[in-house]
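Shown next, in structure tokens, is the structure this report addresses.
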Amino acid sequence: MPKHILIFDSGIGGLSVYKEIKYQLPLAKYIYAFDNAAFPYGELTESVLIERTTHIISELCSQFPIDIVVIACNTASTVVLPSLRDKLDIPVVGVVPAIKPAALVSNKIGLLATPATVKRSYTYDLIKSFAPISDVQLLGSTRLVEMAEEKMIGIDVDMRAKRDLSPWQNKVDTIVLGCTHFPFLKNEIKKALGNKILLIDSGEAIARRVKQLLNGDGVESAVLFEGEVFCSAPSIKEEALNHTFKELNFSSLQCLGYPKF
């Protein structure tokens, strides 16, 4: 039997984390779930975030022999991890903005995240702990999250991304990608702010942690398993989404039927 890894996000940005884990554990069985009914998570209250993530993840854990859960969403990770860890008897891994590695290489840092992440005390505690003498500028953008989703189904977002990032022109030299959607906008960010800008995300570190918790054993056979993907509500972009997921070795989109309200 393969190890079953559940990756969860509000949208499809968590696929950036999936790619890193898949590289480390290519033969595991992957279940990807995203809560598109409540996308984007950056605009939800903490209580709603906890309720939705707990419900969806618990349902999938009852359907599959999940070995580990990865919350591939910075916004959710700052809120839901304690509740999930109390409820589940398997490891739950979250995403932390990569402030610490950024502070090791620069003192002109930009943290690009959702509005919710940049407002939370958790984020300021990270900065205080790991970058106390650095100039850390915060930019919270729901629009960039939406652009990443659009790009992943083939829509061009170059010029819009440049406008949203213009406040950082010549002000930062290192950017922490504090949302799992943003690795998909690396080219657009470099076009907007210059190719010399250093972009840092947490994907590789998460993959190493998952591998460690699974004792380095992603699978017990040499079979390549097709992943399964679930959304919380029907999507008008289903055809484009299925194309994206098929390229990443997932089956067709399945709907859990969990509306926003």
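A Cβ is built for glycine as well, from the same backbone N, Cα and C atoms used for every other residue.
These features come from Swiss-Prot:
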- Asp9, Ser10, Tyr41, Gly42, Asn74, Thr75, Thr180, His181: substrate binding site (BINDING)
- Cys73: active site, proton donor/acceptor (ACT_SITE)
- Cys179: active site, proton donor/acceptor (ACT_SITE)
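Calculated from their C-alpha atoms, the gap between Ser10 (substrate binding site) and Cys73 (active site, proton donor/acceptor) amounts to 7 Å. In this structure, the C-alpha atom of Asn74 (substrate binding site) lies 5 angstrom from that of Cys179 (active site, proton donor/acceptor). Comparing His181 (substrate binding site) with Cys73 (active site, proton donor/acceptor), their Cα atoms are 8 Å apart once rounded.
DSSP gives Asp9 (substrate binding site) a strand state. Residues Asp9, Ser10, Tyr41, Gly42, Asn74, Thr75, Thr180, His181 are recorded as binding substrate; their most distant pair of Cα atoms lies 12 Å apart. Counting every protein chain shown, 26 other Cβ atoms lie within 10 Å of the Cβ of Tyr41 (substrate binding site). Thr75 (substrate binding site) sits 8 Å from Cys179 (active site, proton donor/acceptor), taking the C-alpha atoms as the reference points. Every protein chain shown contributes to the tally, and the Cβ of Thr75 (substrate binding site) ends up with 29 other Cβ atoms within 10 Å. Per Cα geometry, Cys73 is the residue among the recorded positions Asp9, Tyr41, Gly42, Cys73 nearest to Cys179 (active site, proton donor/acceptor). Asp9 (substrate binding site) has a Cβ environment of 30 other Cβ atoms inside 10 Å.
Here the Cα atom of Asp9 (substrate binding site) is found 5 Å from that of Cys73 (active site, proton donor/acceptor). In this structure the alpha carbons, written CA, of Cys73 (active site, proton donor/acceptor) and Thr180 (substrate binding site) are 6 Å apart. Residue environment of Ser10 (substrate binding site) contains 31 other Cβ atoms, counted within 10 Å of its Cβ in all protein chains.
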